[in-house]
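*Asks:* Sharing a structure with you now.
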Amino acid sequence: MARAKKNSAKTGRRHPLATAALLAVGLLVTGAAYAGFSQTAATAEVDLTSPEVIEAGQKLFAANCATCHGMNAEGTENDGPTLIGVGAASVHFQVGTGRMPLAFTGPQGMVKPVQFTEEQTLQMAAYVASLAPGPGLPETQYLQGEGDVARGGELFRINCAMCHNVAGAGGALTQGKWAPSLSGVEATHIYNAMVTGPQNMPVFSDANITPEQKSDIITYLKYIDEKPSIGGFSLGSLGPVAEGLFIWVIGLGAVVALTVWVTSKSN
Amino acid sequence: MAEEAKNSSGGSAAVVADGHGVETASVGTAVLSSDAVQNPGLPPHRKRVTDLDPKKEKNAERGVYGLFYLSIVGSLGAVLAYMFFPIESGDASEIRLHTIFVGSGMALALLAIGIGAVHWGKALMYDGESIDLRHPVASDEPTREASAEVFKVADQESGFSRRTLVRNSLFGALIAFPLPGITLLRGLAPQDIDPVEVLRHTMWDKGIRLARDNGGHKVGEAIRAADVTIGSVFHVVPENLGQAKDVLNEKAKAVVLLIRLDEKDLKETPEKESWSYNGIVAYSKVCTHVGCPVALNEQHTHHLLCPCHQSQFDVSDEAKVVFGPAKRPLPQLPITVDDEGYLIAQSDFNEPVGPSYWERLK
C-alpha cells in the first residue's frame, strides 16, 4: 500500500479518490448556484400598481395569452374566457402552477413546468388586475401556516374534502376531470385557488371562508404534509380503493404463495 | 321409515351393479369399458433430498430449529420494542413506531413457528404413502331396522300421527311464535309519531335563515345574499338547528347546498321561478339514490356529483339527473331574503328529501 502511494506521488498520477472528490465539488458548486438563483427568482419584489410593470405585463400578455384570451383580455368565442375581472390571484394561480399557457384543450388544464419567472407572472397579474378589480394576491401573514390546525381540518372536511379527499390526496370528478392532490402545493396557490375557483372548483370568497380561516386550512394542509403517517404505509391516503387493491394483490398473493408451499411435496 | 331405508340400500346395490349394465345399454349412450380411466395406481415413491443426503437432512434440521429460535427472537423483540418504543408523550409518531415494532416482533414470532412447523413436517417427518380405504358409511341392516322401530314406537306412543288436531295446533304455535319478534321491529321506528310524517318534514320553514354548517352540532353565522358571489358554494344548515331535540338526525335531513350561478345559466320552470334569488339556488344535499351527501360541485359544468354511486345532477337545470342511478332530481329549497338581506327559506321542501321509501308521495 505504502509503496503504491509513493509511486503515485512520484509519477504524478491521480489519487483513486480524486474523481469522486472532483465530482463532489462540482455538484456542490452547481447546487449552491442553482439554489441561489432559484431563491432570487422566488423572492422577486414587484409593485403590481406601477405603470412600467403593467406595461411589461401587457407585452407578455400580447405575446403569450392573446391568441386565446384576445388582445385586450376580452376573451374569444371558443378558445378562452374573458379575463376582465378575474384579478391578479387568478393569473398567479394559473400561470404560477404551469396550467397556463394551456398545452392542449382537454377536460382540465394540467400542472406543467412553469413557463414564466415569478417576476413575469406578477407582471401579467398586474396587467390583468389593471383591467378591472378582482381578487388580489393574498397577504403574506395568511400564508405562513401558523393558524389553528384543528379548525383548519374541520373547515377542510366541510368544504374541501368531498372533492380533494380528507387527506388532500385528490379524487376523480366527472367526465375525465379530477380534483388534484394538495400535497406540496404552495400556500399562495392554495389561497388563490380558494378565492378564484379555478377550472371547476367553486369559489370560496372571503365572506364564505374568511382570510383567517383560509390561513387555518393552509395550516392544516401543511400539517398533513409534514406529519408522519400513524398507521404506517398510507398507500397514498386514497382510502378503500388503494387499500383494497393492496390487500387483494399483496395480502391474498402471500396467502396463495403460502398455501402452495404448504401443500407442495418436499423435494 | 324402514321401507325407505331398504330402498336406499337397494339403490346403492344398483350402483355397484352398474359395471354389468353397460354392455346391455343402447349404442350411442354406452360408455365402453375400454374408455374408462384406468386406475393409475400410486406413483413410485420418490425419496426427498433429506432422505438421501445426511448433509441436507442436517441442514433442514438446522433450518427448523433456526426458525424456532427466530420465533423466540421475535417474541423477545416485541417485548423489548414495548419497552423501548413506549407511547408516553402522546406524539403521533410514537404510536406509529410502537405499533410497527411490537407488531413486527409478534408477526415474526408467530410466522416463524408456523413456517418452522410446516418445514419440519415436510422435510424431516416420516415420508411414506399409505392408502386409507373408503368404507360404506351406512350402519348395518339390523341397526337401521332397530332405529326405524324406535321412531315407529315413538309415533305410536305419542299419538303424533293419530291425534292430528293436537299435532296441527303444535305446528300452528311453532309458526306463530316468531311473529312477536317481527313486530318488535316496529319499535325501531320513531314512537308515537308517524314515521312517514317524520321523513317527509325537515326543520326548514318559512322565514328560517340559512346558516353556515360548522361541522357536527355547530351552527355558523347566517348568510347574507350579498356575500354569495357567483360560483360560490356554501354548506348550509337551518339557523335554529341547535334547538332541535335530535340535532344530528335533523341535520342529516335538512342539509342544503347553496350555489350561486350566473342568472343566464339558470333554467327554471315558471312555477319554480320564485324559488331562487339572484341566481342563488339551494338544493338538498341528500342524494335521492341512497342518501349520501352530494357536494362535489363543478363550477363550469354546473354538475353535482355524488361520490358513492356517481349520480350527477345539473344544478342549472333544477338538479335534473344527468347520469347515474338516482331516479329523481334533488329537492329544491325555495329561498328568498328578509329585510336585513339574509337568505331565508320560503317554506319546507315541497317533497320528501333523500331516497324513496314506502309511502313517499312522489
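Using the three backbone atoms N, Cα and C, a Cβ is placed for every residue, glycine included.
Below are the features listed in TrEMBL for this protein:
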DOMAIN    B:253-344  domain 'Rieske'
REGION    B:35-55  region 'Disordered'
TRANSMEM  B:64-85  transmembrane segment
TRANSMEM  B:97-118  transmembrane segment
TRANSMEM  B:170-189  transmembrane segment
*Asks:* Could you tell me how many residues in the domain 'Rieske' (B:253-344) are helical, how many are strand and how many are coil under DSSP?
*Replies:* 14 helix, 32 strand, 46 coil
*Asks:* Under an 8 Å Cβ to Cβ limit, what residues of the same chain, 6 or more beyond the ends of the transmembrane segment (B:170-189), are close to it?
*Replies:* 195
*Asks:* Using a Cβ cut-off under 8 Å, which residues of the same chain at least 6 positions beyond either end of the region 'Disordered' (B:35-55) come close to it?
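*Replies:* For the region 'Disordered' (B:35-55), the far contacts come to 123-124, 127-129, 131.
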*Asks:* Is the transmembrane segment (B:64-85) packed against any residues at least 6 beyond its ends, judged by a Cβ distance under 8 Å, and which are they?
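*Replies:* Long-range Cβ neighbours of the transmembrane segment (B:64-85): 94, 97-98, 101-102, 104-113, 115-116, 119-120, 123-124.
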*Asks:* Of the residues in the region 'Disordered' (B:35-55), how many are helix, strand and coil by DSSP?
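*Replies:* Here the numbers are 7 helix, 0 strand, 14 coil.
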*Asks:* For the domain 'Rieske' (B:253-344), what's the model's average pLDDT?
*Replies:* 92
